[in-house]
């Protein structure tokens with residue numbers, strides 16, 4: 001008979017995996033599952049292998065099982081041999097043949113182990129008892145087949161006799177009176193033996209009895225009738241069924257009596273209202289067992305349906321005949337009423353009420369329609385405003401900061417979005433239309449350009465471009481690099497070879513762009529912008545100002561942050577890069593290290609198998625400069641740069657400033673066309689006729705062709721660096737467009753002004769010590785003003801906000817002082833001075849004017865001023881760990897702890913924390929610190945001390961005390 005792996009594991013005391021592996025080795029495929037059943041043959045193999053610790057009878061039984069299973073085809077012969085033995089003991093059949101097994105099998109199974117413990121000689125007189133008839137054979141049943149093989153001991157023979165008797169009895173009970181039916185007996189007998197072996201297993205596993213029945217039905221095909229006959233007595237019991245029917249009738253008859261006239265029920269219900277309710281109808285019935293079972297089931301059903309905690313009403317509800325109607329009484333779930341339905345209902349009700357009172361219905365209807373129309377118009381207006389709030393009305397060039405204000409988002413988010421699309425922008429950098437569209441769309445806004453007509457007017461004025469007129473133009477090269485890496489030295493070296501000796505230096509330092517003629521007759525325009533900001537701004541607008549970038553790195557230094565930033569700007573703009581490794585004449589120069597650092601940034605130079613050209617140079621000694629210029633020209637040839645010199649000039653503003661003697665001066669770079677004296681130029685919001693032009697050597701020139709930088713006089717203001725300039729036909733047209741742009745810029749300025757909202761006030765309150773620093777920036781050139789404003793705005797923190805309320809080119813005027821006094825601002829002048837009247841007004845109004853020549857000094861001073869406005873930061877430093885080793889209770893003092901300093905040094909003035917099991921129990925101050933009987937200022941590690949804690953006495957042995965100091969640190973930005 002199959003047996004589960006879990007049972008085999010328990011019997012043999014080995015793991016399931018071991019059993020499965022062993023069976024696999026012996027050619028059996030068994031699933032690794034505790035509930036997998038194995039055959040007797042497999043079980044016998046396992047017993048043979050692992051059953052050394054098993055009792056001898058179990059091992060023999062397993063072997064016998066295997067023997068039995070092998071000749072399973074010859075069942076009849078084995079059965080014939082065994083049926084001969086029991087016939088000697090027929091006298092006992094008469095006593096036990098009439099036994100009917102009761103329905104309560106659980107009791108029998110529970111009593112089995114007890115029966116087996118008793119001496120088996122005493123069981124003969126107690127054969128009549130129902131449970132023990134089955135139990136007595138159960139234990140020795142397994143030995144019946146075993147003993148013929150080894151009949152050695154006397155006590156075992158007695159057991160054999162009993163076993164045989166019971167086997168015969170069972171055969172007889174199955175057959176009832178079959179004298180001739182020997183084949184049935186033969187076939188039943190092996191099954192009975194299987195039954196008994198299974199019963200033996202029941203010593204440990206009670207549930208096997210259920211499996212027993214199911215397996216008997218499955219295994220024996222011929223004996224199903226016999227098995228059904230044997231099991232039938234348990235189910236039939238006609239007398240019990242008849243009695244139950246009678247009791248049901250009696251109970252139903254007595255039911256109404258219990259509610260109305262029953263004297264028993266009312267007496268019992270007050271005594272125990274909940275428990276005796278089911279027992280009340282129990283009196284009329286004589287047999288209580290069957291009745292109790294039925295009522296128990298009913299009681300459970302009542303308890304499930306009824307809510308707990310009710311007292312007397314329960315029996316009445318329980319006894320009602322119409323209990324089935326309860327679910328029908330459930331109320332239907334009401335549908336939720338929407339706000340619109342409510343409003344509609346109210347309107348209809350009001351309309352009915354007003355109609356009753358108003359006899360003149362026409363007038364009321366007219367007024368009602370008028371009201372409805374007004375409400376409808378209001379709704380439409382609100383919807384229109386909501387739509388318009390998502391539309392940004394702006395000019396083509398808007399700074400990142402203004403765009404952020406219009407969309408009511410942080411400027412860092414706008415810059416982050418630009419970086420994600422490959423654009424490096426700064427706070428005050430102006431964005432082109434395409435970039436604005438992408439950024440606005442990212443934040444869910446639509447754009448509407450109010451300056452479209454202005455752009456169209458300029459575009460309409462442009463001339464047609466013929467490809468036949470195109471000629472090669474010199475490349476525009478920007479030199480970029482970290483401070484002190486030799487950028488200026490390289491430019492001076494390149495320029496000194498081509499500049500007349502008497503004209504070196506001078507104004508060329510301010511122009512920032514110049515044209516160099518090489519020995520081979522070719523020209524290169526070098527651009528020396530004040531910072532990489534302007535370069536990026538020009539690239540962002542798509543104006544191809546720079547064609548090639550030279551990145552200078554010092555060989556005795558590293559690739560510095562500003563160098564990395566410059567490389568990123570050039571890469572984002574898609575400009576070819578040539579690396580110049582400078583200062584190779586120095587003793588500590590290591591060009592290979594620079595190449596390695598560039599390779600780590602994924603910029604492989606040609607020496608290392610990459611695509612970027614590099615040249616080792618010494619700018620001071622002129623080593624390698626010619627080779628560098630050759631490589632630059634090679635890159636230019638690959639780009640195939642061309643322009644049309646026959647059309648009107650278009651270009652970019654490099655720098656602008658206010659010169660006291662000459663007025664507003666602008667350095668421009670012509671990209672296409674030719675600029676001539678007397679041309680009408682429009683640049684941003686400024687326009688004017690060119691009065692004079694100077695080249696980088698401060699010599700007057702009459703015209704400037706493509707890729708030529710010149711300094712022009714004649715504009716009515718200082719245009720912003722990076723603005724595009726156009727040459728127009730008439731001055732009137734230029735003035736109209738400039739005025740229109742100025743108007744749009746003012747409107748944009750008003751739109752971007754942000755009033756203080758409740759959210760801002762709440763945020764400031766949350767920060768606590770919020771400060772504002774208003775600044776007015778004046779400088780000599782527009783590039784410096786932009787760079788300084790940008791740097792100051794970047795200093796803003798959560799606690800201090802820097803606002804640049806005004807910035808301009810030129811000296812500090814009286815109007816600047818008035819504005820500063822009104823807005824409580826400070827004036828920062830960069831390489832400019834205040835006028836005499838402005839200085840007097842500033843002293844009178846108490847306005848602070850700070851003047852600087854170096855941009856870094858200005859930034860550092862503003863930074864230190866801001867740091868002075870910050871509240872200091874409190875830093876905590878742990879000074880000692882102390883372990884409590886003893887605790888003393890002292891009256892009027894409290895709990896004193898005897899401690900050992902484990903680490904550091906504890907001072908009398910330290911603040912402390914008491915830590916128990918890693919959790920801070922208390923934080924406070926020391927009440928006293930003593931060493932022996934003397935007060936101590938401090939105790940170092942390894943010494944013991946006594947201490948008590950102010951207002952805390954719950955100190956325990958084993959607690960850790962952590963001593964710490966708080967120091968105020970000046971906050972930095």
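Backbone N, Cα and C define each Cβ position, glycine as well.
Per Swiss-Prot, compositional bias 'Basic and acidic residues' is recorded for 97-135 (among others).
Swiss-Prot lists 136-155 (among others) with the feature compositional bias 'Low complexity'.
According to Swiss-Prot, the compositional bias 'Basic and acidic residues' annotation covers 156-175 (among others).
Taken from Swiss-Prot, the feature compositional bias 'Basic and acidic residues' covers 183-204 (among others).
The compositional bias 'Basic and acidic residues' feature in Swiss-Prot is assigned to 212-224 (among others).
Annotated compositional bias 'Basic and acidic residues' per Swiss-Prot: 237-250 (among others), in sequence order.
Residues or ranges marked as compositional bias 'Low complexity' in Swiss-Prot: 252-266 (among others).
According to Swiss-Prot, the compositional bias 'Basic and acidic residues' annotation covers 315-326 (among others).
The compositional bias 'Basic and acidic residues' feature in Swiss-Prot is assigned to 333-343 (among others).
Positions annotated as domain 'tr-type G' by Swiss-Prot: 472-642.
What Swiss-Prot records for 97-343 (among others) is region 'Disordered'.
For 353-372 (among others), the entry in Swiss-Prot reads region 'Disordered'.
For the region 'G1' (481-488), the DSSP counts in helix, strand and coil order read 2 helix, 1 strand, 5 coil. According to Swiss-Prot, the feature region 'G1' maps to 481-488.
Per Swiss-Prot, region 'G2' is recorded for 506-510, and the stated evidence type is similarity to another entry.
Within the model, the region 'G3' (528-531) carries an average pLDDT of 56. Annotated region 'G3' per Swiss-Prot: 528-531, in sequence order, evidence recorded as similarity to another entry.
Counting same-chain residues at least six beyond the ends of the region 'G4' (582-585), those with a Cβ under 8 angstroms from any Cβ of the stretch are 485-486, 489-490, 552-556, 591, 616-621, 623-624. Per Swiss-Prot, region 'G4' is recorded for 582-585, and the stated evidence type is similarity to another entry.
Sequence-distant neighbours of the region 'G1' (481-488) (same chain, 6+ residues past either end, Cβ-Cβ under 8 Å): 551-554, 557, 560-563, 566, 582-583, 619-620.
Helix, strand and coil counts from DSSP across the region 'G4' (582-585) read 0 helix, 1 strand, 3 coil.
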